[in-house]
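Notes follow the structure.
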């Protein structure tokens with residue numbers, strides 16, 4: 001089988017060497033070449049013909065964001081994984097790169113923990129993402145006709161919707177931006193969100209989304225009471241749940257075991273929403289790798305709530321939402337540009353009834 005060829009772009013010789021060694025150790029991958037900045041990388045792309053690119057953000061002459069913009073003019077489909085420093089500035093720059101056309105990012109591990117720990121973390125975080133994008137964008141064989149999907153959708157219990165819960169992962173930051181910027185007036189319910197991200201990144205994401213939306217968007221805090229028209233994003237590194245406290249519903253943050261190798265995890269949030277709100281919840285699962293969110297969304301639906309899943313065509317990775325479609329929790333996927341209107345229509349129809 002042809003190996004996945006990766007171009008490694010970083011201005012630090014040590015990091016180029018570490019990333020290259022991690023890639024070359026994988027039997028399915030090889031380093032096509034290296035470059036110390038975006039300008040050199042752009043000059044060498046035709047020579048190296050990479051299948052994927054790992055790209056540092058802060059580099060001389062041409063930084064990562066500038067390179068992504070230039071790359072997309074002539075190479076719109078080469079997967080680009082950003083290596084982002086674990087700082088607030090690094091998080092902000094990462095979102096700029098994603099908006100410019102980068103596919104995904106990996107938080108750059110600290111080298112203070114030793115070479116083996118650094119390489120182990122990169123192997124765990126970077127390698128699967130490169131492989132996932134390569135297989136997503138590579139030509140796929142024609143699949144035989146599939147068996148009919150089980151239909152587990154059922155009429156929701158009569159009553160109002162009191163909360164919106166959203167889960168997303170790979171491709172999620174841009175998907176959340178599309179959804180929240182497309183909602184034209186504040187929702188009459190609180191919104192709770194899990195986006196798979198490390199600490200600092202979720203705070204930067206919340207602030208960026210808040211600037212784009214008519215909703216009030218913030219990173220969730222422990223004990224915070226939920227308010228209509230407000231969006232609460234789970235902090236990186238912590239699970240987020242909803243809990244009753246008298247007449248209020250508040251956020252409960254904790255560092256419990258990872259689920260699906262994630263903390264925060266959408267399933268943790270969705271299960272708490274099902275327990276707290278019963279059938280008056282709407283679950284939305286957007287683009288993402290893996291199956292996080294499916295079991296929790298199933299609990300919400302079994303309690304009488306509803307679900308929406310992003311469709312395959314508009315998902316960066318159709319993993320998480322695919323389980324809702326294939327297991328019959330929703331009849332079909334919803335294109336990303338229509339998710340906001342699908343959400344708003346659910347609540348506007350209820351507002352007309354009550």
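Backbone N, Cα and C define each Cβ position, glycine as well.
Automatic, uncurated: that is what TrEMBL annotation is.
Per TrEMBL, the features are:
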DOMAIN    5-123  domain 'Response regulatory'
MOD_RES   56  4-aspartylphosphate
DOMAIN    148-350  domain 'CheB-type methylesterase'
ACT_SITE  169  active site
ACT_SITE  196  active site
ACT_SITE  292  active site
Count of other CB atoms lying within 10 Å of the CB belonging to residue 196 (active site): 25
Reduced DSSP assignment, residue 292 (active site): coil
Residue distribution over DSSP helix, strand and coil in the domain 'Response regulatory' (5-123): 60 helix, 26 strand, 33 coil
Around the Cβ of residue 292 (active site), the count of other Cβ atoms that are within 10 Å: 29
Conformational class of residue 196 (active site) under the three-state DSSP mapping: coil
